[in-house]
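First, the structure itself, so that you have it in front of you.
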Amino acid sequence: MGTAPKSLNSLLFFFSNHLILDYRRVWHLSFHSSNTYYLSSAATNLSTIVQEYGESPKQLLKYVRDQCKTGTFKDLDAALGLFDRMVRMHPLPSVVSFNQLLTSIARAKHHLTVITLVKQMDLLEIAPNLHTLTVLANCFCHLNRVDLGFSVLAKFLKLGFQPDRVSINTLVKGLCLQGKIAEAVNLADEMGEMGYKPDGFTYATIINSLCKVGETGLAINSLRKMEDANFVLNAASYNTIICSLCKDGLLTDALNFFSAMTRKGIQPDLFTYNPLIQGLCKFGHWKEAAKLVTEMEERNIMPNVRTFNVLVDALVKEGKMTEAKEAFDMMTEKGIEPDVVTHNSFIDCYCGQNRMDEAVKTFNMMVRRGCSPNVFSYSTLINGYCKSKRIAEAINLFHEMLDKKMIPNVVTYTTLIGGFCQVGRPRAALELLHEMQACGEHPDLQTYAILFDGLFKNRHFVEAMALFREMVDKKLDINIVIYNILINAMCDAGKLVTAKDLFCSLSTKGLQPNARTYNVMFKGLCKEGLINEARELLEKMDGNGCLPDNLLYNTIIQGLLQHNETSRAVEYIEIMVGKGFSADETTATMVIDLLCANKVDNAMREWFEKLL
């Protein structure tokens, strides 16, 4: 990122000399690309306007003024038709009327069209004023050509205009849109030196841009500059920083900033409270979030659907269903209609608790209230049915989605593929994968992992290995999860040598074994009675910085007990208990069986009883 020249004049000189040719080229291209379009369609959509305002120049210009006051032209063809009428008027309308039309078209984001029309005005010798050129510079900035915006600034000077705050703020915003925030700050400083004191808009633009790129500290510094310059501050700039602090997880700082804001007499609004409530809920502080909702009402700030959605979602995730329903009822009492996000929070919670009847009731209630379910609604219900192994209901919902012309996403397909695998229908899962690909939806690595695991667990080795080859052929970034599935399948099939080879090859693939990888290998080695190899692997595991977990200790203890290595099992029981781990159900059952059969001496019995 370069630095701005030391004076505004040198900056203008730089752009006028080095970029004016490019400026003309872009202007030239934009004119020729769309000139034919607006002339050919000039009169296509004017009938309604003519009926309402009449055909006289005075009446049409009144329409232009009215349109500028109300906002933007919804119909570009009508705007172009008006421009064509205006350039044919005798005498020509003033540049003010043209500016009103250009401003409305620019607000509708037809930036290239505005550039074309300004060029047409130039050809017709309609002299621009400062407003015209500011609109033009703004359009270049929105097209990510702030360099051409500066060329327009050079044109200001050549025509004898002095740039004002609005025109320079346009360039500050343009630099920020292109991520050149340091240059925008430098330009703002140059404004002050040249007598163009930055205003609230200048700083607000810079603050917003700094927050977007995560430079919240610098944004706070800019706000301090505003305070030092005695600007009359409103909530907007504070809101931007509060929102950024909340996104960064700096909730305490955000709340302190909020307190400082209110102490200075700056009234918070909805956009102050919403990020704070969301931040509190994100960290599980739903009670404090609920207090803020109450505080909003005390300040006569009406919460919106987003406010309640954040609170409801936090409550259901905490399992506070009663409080969540109370928040839902409060919404409706205040005339705030719950949307699909609100209902989805309840549906997701019920499905997670395997309360499918409640989930379906909520889904149906949402439909009755006139709120259309979305892909997430269906995917969540499908996931709930799949986890409950109610695959028929899941399939029915999937077909209902298709009947409603809804497009299932990768989550929907992956969920249903997993459901088929769970109920022993891996071939149906494989068919669904092919259907997914035929519909243009690309499976991700999780989709492949679930199907890969399901094929192996259902003894479809040929199909599983074909799927693995497909992943390799597609150059997917095959991760340790996929290799864990493959190594586990080899161990289960008694192909321990292949499993060991795969394990040893991980480093050549840039992969590091994790706790799951070691657990799979321990299980395979213990199953074959290779206890010494398992112990050696445990030592390597420590050396690789991967700490043994509860599952691993249980696996090796079970292997030792299966091969009547009770004394060595006690050694690992002692280590496991010392690390705060406990026996799982399988280990506990094996120990109880040994104790009941009186197959251990008193010293060992003491350790086994400690384990239980």
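Glycine too: its Cβ is placed from the backbone N, Cα and C atoms.
From TrEMBL, here are the annotated features:
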- 129-163: repeat 'PPR' (REPEAT)
- 164-198: repeat 'PPR' (REPEAT)
- 199-233: repeat 'PPR' (REPEAT)
- 234-268: repeat 'PPR' (REPEAT)
- 269-303: repeat 'PPR' (REPEAT)
- 304-338: repeat 'PPR' (REPEAT)
- 339-373: repeat 'PPR' (REPEAT)
- 374-408: repeat 'PPR' (REPEAT)
- 409-443: repeat 'PPR' (REPEAT)
- 444-478: repeat 'PPR' (REPEAT)
- 479-513: repeat 'PPR' (REPEAT)
- 514-548: repeat 'PPR' (REPEAT)
Could you give me three numbers for the repeat 'PPR' (164-198), the DSSP helix, strand and coil residue counts?
26 helix, 0 strand, 9 coil
Summarise the model confidence on the repeat 'PPR' (234-268) as a single mean pLDDT, whole number.
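Looking only at the repeat 'PPR' (234-268), pLDDT averages out to 91.
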Per DSSP, how many helix, strand and coil residues does the repeat 'PPR' (479-513) have?
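DSSP composition of the repeat 'PPR' (479-513): 27 helix, 0 strand, 8 coil.
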